[in-house]
Ligand SMILES: Nc1ncnc2c1ncn2[C@@H]1O[C@H](COP(=O)(O)OP(=O)(O)OP(=O)(O)O)[C@@H](O)[C@H]1O
Ligand SMILES: [Mg+2]
């Protein structure tokens, strides 16, 4: 690991020796993982492996009992709250799509834009050309332009997933954490989502959790397999899926 | 406020509401003062005072709707802010009595003489000046709400837990204000007011003016609420209500938003209480009773939370029913009726009166649009379909 001035790692995201337990149950066990700037990483692992919990730790929802979590080599994420971490440029899509159901799709994106988020700023907010253009572009990307004035609650499950990815785009973060983006999508939609994430990855660092192996294969990136809160295997999808321990975990003992 | 904010915040129901309140605010006082008493169109003074009370309740309801309907904060202690505003006004009115009290003490209100107070407590100073009292009407509830909210929201107390501690807050104030040595007249509270700004509080003209002012305050409170909920901040509030943690992950400081609306709402409740007191002629600790705050929440539920107009309407409708029933043979059953009303509304009209009406209007609009579209389609083919 290279030591740079002021920073201990070149990685954008650096987790080392992280432990979390819930009432004595060790959800995350000595987890170490690094993500280089510009990288896209796929995370796989059986149910309950701790994938979502890992994202909770990175985004400040869960505080680890032990371990280091650094963003950009020097920012200790374990000391910050969700709002602060979001402001640093870490965006997140939830496993269960969470959009603001009683508001329009356009308003969902408007809320996600990374502009002034202070009370005063929003109270006296007046839209700008730049903002509406950005919203238009995101709507285009997620193919919801025609539905812009519909309530987000009326969208299908797959469309909600896309809207949430759109919100991530509007947020314009440095690092995107995407939890199970293709759950509930058709094959075509899954393929489109893979294309979209690859497109996003041209500019941003992305971490994707997914169970769908065809999708992971299509992404064609380095894969990390988690099991019982720790890294079981890391490498290309072929390396990981032929790893004996991984097969054992997936097939059950 | 810029015209931009005005146009944005006035939709049809908001405009209707404002016109009605402004109309009543002008016509009722005029009818009371100018028409000969006993004429069919003359509104008697006791009704003017009663309507004035409703207007104050409507402001309280708006303040609750702002936090509950738009931000999901269910305060079951908003009566406390109302009562604090009321007490601040009551203190001013007490100081106006001067030497006209039973004991004729020029400085000390009667209850202090009776309880052998050697001098005016420090926190009563300044209340002989109207501007100071008016400031306190807003400041005291606002400050309490700010401190309370700062502690509660920063510790992320939400939902039922928050509701319970707001109840505890108003209950604690109830107990404190009951005490004679607390300096606010104990059990009896503050009463026997003589004048306000030099005008006799009992006079018809004063009552009519107070009513008109209450309507004006209701209009201003409504406009403030509309400006808030139609701004981008309003969208953030709804986002917090519907998915609080999602809002945090987008980089919003949820506790600041809650603190802002909670404090604003408390200030509005304080103003409502201050207008209420001279019209009913008394303020006592029973205003802090937890039941009062719960009743106010029921008004909002009945009228329709998250609609503002509904909250105000609910306050008037429920209080009219209360006035009607508690003055008849059904009086002992009023609380049961209120409870039943709440259960019925929750089960049958979960969106309240205005919410249900809006939903109905929207669905009708949608079917009309669909009909028009299908008619247009049919036109293209040939025979128009008869309307259903
Ligand atoms: N707040 C919590 N309290 C208690 N246990 C928790 C909590 N959050 C997660 N867990 C537990 O930690 C383990 C890891 O959960 P996590 O949601 O991270 O798994 P996952 O890998 O995302 O699984 P899935 O593929 O099903 O989404 C699970 O056994 C879960 O029950
Ligand atoms: Mg998960």
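Keep in mind that glycine also has a Cβ here, set from the backbone N, Cα and C atoms.
Lifted from TrEMBL, the feature list:
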TRANSMEM  B:16-35  transmembrane segment
TRANSMEM  B:76-94  transmembrane segment
TRANSMEM  B:106-124  transmembrane segment
TRANSMEM  B:130-153  transmembrane segment
TRANSMEM  B:160-178  transmembrane segment
TRANSMEM  B:208-229  transmembrane segment
TRANSMEM  B:256-277  transmembrane segment
TRANSMEM  B:297-321  transmembrane segment
TRANSMEM  B:333-354  transmembrane segment
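It is B:76-94 that, among the stretches B:76-94, B:160-178, B:333-354, forms the most Cβ pairs under 8 Å with the transmembrane segment (B:130-153). Against the transmembrane segment (B:208-229), the recorded stretches B:16-35, B:76-94, B:256-277 differ in Cβ pairs under 8 Å, and the greatest number is found for B:16-35. With respect to Cβ pairs under 8 Å, the transmembrane segment (B:76-94) is most closely packed against B:256-277, considering the stretches B:16-35, B:160-178, B:256-277, B:297-321.
If you look at the transmembrane segment (B:256-277), the same-chain residues 6 or more away from its ends with a CB under 8 A from one of its CBs are 52-53, 55-57, 59-60, 62-64, 66-67, 70-71, 73, 75, 78, 81-90, 93, 134, 137-138, 140-142, 144-146, 148-150, 153, 190, 210, 213-214, 217, 221, 224-225, 228, 233, 236-237, 240, 283, 287.
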